[in-house]
Amino acid sequence: MLAHPVRPNAFTLSSLLKACTLHPGRAVHSHAFKLGLASDLYVSTGLVDAYARGGDVVSAQKLFDTMPQKSLVSSTAMLTCYAKHGMLREARLLFEEMEVKDVVCWNVMIDGYAQHGYPNESLLLFRRMMGMKVRPNEITLVAVLSSCGQLGALESGKWVHSYVENNGVGVRVNVRVGTALVDMYCKCGSLEDARKVFDVIEGKDVVAWNSMIMGYGIHGFSDEALRLFHEMCCVGVKLKPSDITFVAVLTACAHAGLVRKGWEVFDLMKDRYKMEPKIEHYGCMVNLLGRAGRVIEAYDLVRSMEVEPDPVLWGTLLWACRVHNDVSLGEEIAEFLVSNDLASSGTYVILSNMYAAARNWVGVAKVRSLMKGSGVEKEPGCSSIEVDNRVHEFVAGDLRHPRSKDIYSMLEEMNGWLKARGYTPNTDVVLHDIGEQQKEQSLEVHSEKLALAFGLISTSPGTAIKIVKNLRVCLDCHAVMKMVSKITGRRIIMRDRNRFHHFENGSCSCGDYW
């Protein structure tokens, strides 16, 4: 067109920009200047969108700020640009300034919060959206269900499920929403509800199967996960396992200590399905071997890998060294991570814990000094529980809750139950150089125990108590959960960083293997 005497107009450029990636978009921008069309509303909106899609936040923002008139489309493009890049503060400011907000704008913010680890904000915004009578669509529902899953907010998730059923979305025909429900129920500790939804989804795709298999895996129900995997493989040629399927199955094997089965699945992926293992699959195998105490075998696997091991994989191996007290190898791995600037806060914490378990307080002091010098801070433990559609969060020794007095009274009562039945605090898990009495006092106010106490005083007798913790549950709290489940006759379901624990009648679904 440019080679002929035909002058492009605003419609030409705005249409062209819809097809442009970043670099062609810049070329069109140059032409828009030459043709005097850069200030046209449709052209400038198309340019903002092209820069936003290309990830050039600075150019998109500059152009957006100079627009004398901003359309809903240009505002939404800028809003989306801020939210894919995690600039949620800027996105929220723009969102609040917008006089007209359609469902797309609400979706960008709700999904942005969900994707970037702010599920509480996502749910609050969704409730505000519903209060303003804006009708959610499939994208909204999937984002909200993701937030419910992150928080373990089962009651909120059930409300969304009810909305889906009562407003013509229907999990039978909508695989994406159905899969999001399966994932939410699994992460909220309700496998029964997850399976009910899974069974009624019509035309299940590989993502739906993966969600259910992974659900069984993280809950420690390896037999069910493997059974469902074999069922999936028999469905037909149109449904082949993906790389995520094998991550799910290998995760199930790791949580149950099925080393032989894990190797079978790993080889099946390579030999039958011709998939080259990715870093995630090697990570699962290292986790499986490490949990089973085969730390040297795991280390040999890492060194023989065809892909470059990442810090997460090294961290998995380091954790295995901590669990099985291989201080020498743990030091070697930690030194490698620190010297190559790959260490995270977890690296330092695990190494410090290894030294503390060996009562090497000099080593502990050295690691903590390194952490301070590197500006690394330990992630604080936090436990949450949902009661009456509200998520309550606790940290160790927390006194902020309005019902703190009642919570600590219940803690005292719990301690009485436990001691009457022979409970002795496992002070070995307190990795600080302090006296035994101080260690016991520290254990009594762990965040998961506070959440449990609140659950006991805030929910009806006989109902299950569901707790979510951001870190691995400690040995002492694990033992207390088992005992309290037997004393009270209540199921306690806990999701920690690694897996789910179902405590019932004095035992745990993990079989004390986690």
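Think of each number as a place in line: the chain as shown, counted from 1.
Just so you know, glycine gets a Cβ as well, placed from its N, Cα and C.
Automated prediction, rather than curation, is the source of TrEMBL annotations.
What TrEMBL annotates here:
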- 71-101: repeat 'PPR' (REPEAT)
- 102-136: repeat 'PPR' (REPEAT)
- 205-239: repeat 'PPR' (REPEAT)
- 422-514: domain 'DYW' (DOMAIN)
For the repeat 'PPR' (102-136), could you work out the same-chain residues 6 or more beyond its ends whose Cβ comes under 8 Å from its Cβ atoms?
72, 75-76, 79-80, 82-84, 86, 88, 91-92, 95, 143-144, 146-148, 150-151, 153, 156, 163, 391
For the repeat 'PPR' (205-239), the distant same-chain contacts (Cβ-Cβ under 8 Å, at least six residues beyond its ends) come to 175, 178-179, 182-183, 185-187, 189, 191, 194-195, 198, 245, 247-249, 251-253, 255-256, 258, 261, 499-502, 509-511
Summarise the domain 'DYW' (422-514) by DSSP state, stating how many residues are helix, strand and coil.
38 helix, 16 strand, 39 coil
Within the repeat 'PPR' (205-239), how many residues are helix, strand or coil going by DSSP?
25 helix, 0 strand, 10 coil
Could you give me three numbers for the repeat 'PPR' (102-136), the DSSP helix, strand and coil residue counts?
26 helix, 0 strand, 9 coil
For the domain 'DYW' (422-514), what's the mean pLDDT in this predicted model?
90
